[in-house]
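In case it's useful when we look at the structure, here is the feature table from TrEMBL:
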| type | residues | note |
| --- | --- | --- |
| TRANSMEM | 16-37 | transmembrane segment |
| TRANSMEM | 49-71 | transmembrane segment |
| TRANSMEM | 77-95 | transmembrane segment |
| TRANSMEM | 143-162 | transmembrane segment |
| TRANSMEM | 229-251 | transmembrane segment |
Amino acid sequence: MEAEGLGWLLVPLHQLVSWGAAGAMVFGGVVPYIPQYRDIRRTQNAEGFSTYVCLVLLVANILRILFWFGRHFESPLLWQSVVMILTMLLMLKLCTEVRVANELNLKRRVFSAADNKDGEVRVPLGRSFLDFDPHHFWHWSSFADYVQCVLAFTGVAGYITYLSIDSALFVETLGFLAVLTEAMLGVPQLYRNHRHQSTEGMSIKMVLMWTSGDTFKTAYFLLNAAPLQFSVCGLLQVLVDLAILGQAYVFTRYPLKPAPHAAHPASAKAL
């Protein structure tokens, strides 16, 4: 009798927990980037954040959406991809504007020091996606170039998926590539930290949120019987997060060399 009496409470409570978990999956992935976004806006310096993180997440989530057309998975995972793509575009927009503003201010200081009589400010040479220069890939001078690249990749990948959607092997491979690419999310940041032997400019809060979010996400995959690719690559992603946290500990406690201090031009316009 007591169990039946509590039924009216347990059913909506279970539904509420399910909605909460789904909401955490959709929006939880963007939370780690809030402190990093705020740090970049505050310091007007984006050197500590690898924009290749944005590239990895854009590719991974575009492939995941295409995978959904071949094998429907839970809707929260699909909406998570849409929200993450929008978030990464916002991060790219901020980083690009800050980097271009800093380059322009550096150019101004160079000409001021040289006592340039005509007072002309020469803008640094622009780099465009349509130049198709591999040396400047993902280091373009305008946010529009990144949007063009994303649209081009989406168009090509979407067309190939449309032609091969009936192949089970292709669909499963597409899903594996999507989650494997996302599992490599932290690798650009890991490499950047190793190359500079420093984690200066990287938000520790962001990495801690990565770790907690990826742990929750992997548990969600396991409990909801998501495709095997999701669970395996989720575990790999947690390991990469832990490696970055290990770098932060080692480089802070046992610095091998003085950490580089990038200039923060006071005259840069706040976004």
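Every residue gets a Cβ built from N, Cα and C, even glycine.
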Between the stretches 77-95, 143-162, 229-251, which wins on the count of C-beta pairs under 8 angstroms to the transmembrane segment (49-71)?
77-95
Under 8 Å between C-beta atoms and at least six residues away from its ends: which parts of the chain pack against the transmembrane segment (229-251)?
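Residues packing against the transmembrane segment (229-251) from afar: 73, 77, 172, 175-176, 178-180, 182-187, 189-190, 193-194, 197-199, 202, 204, 207-208, 210-211, 214-215, 217-218, 221-222, 259.
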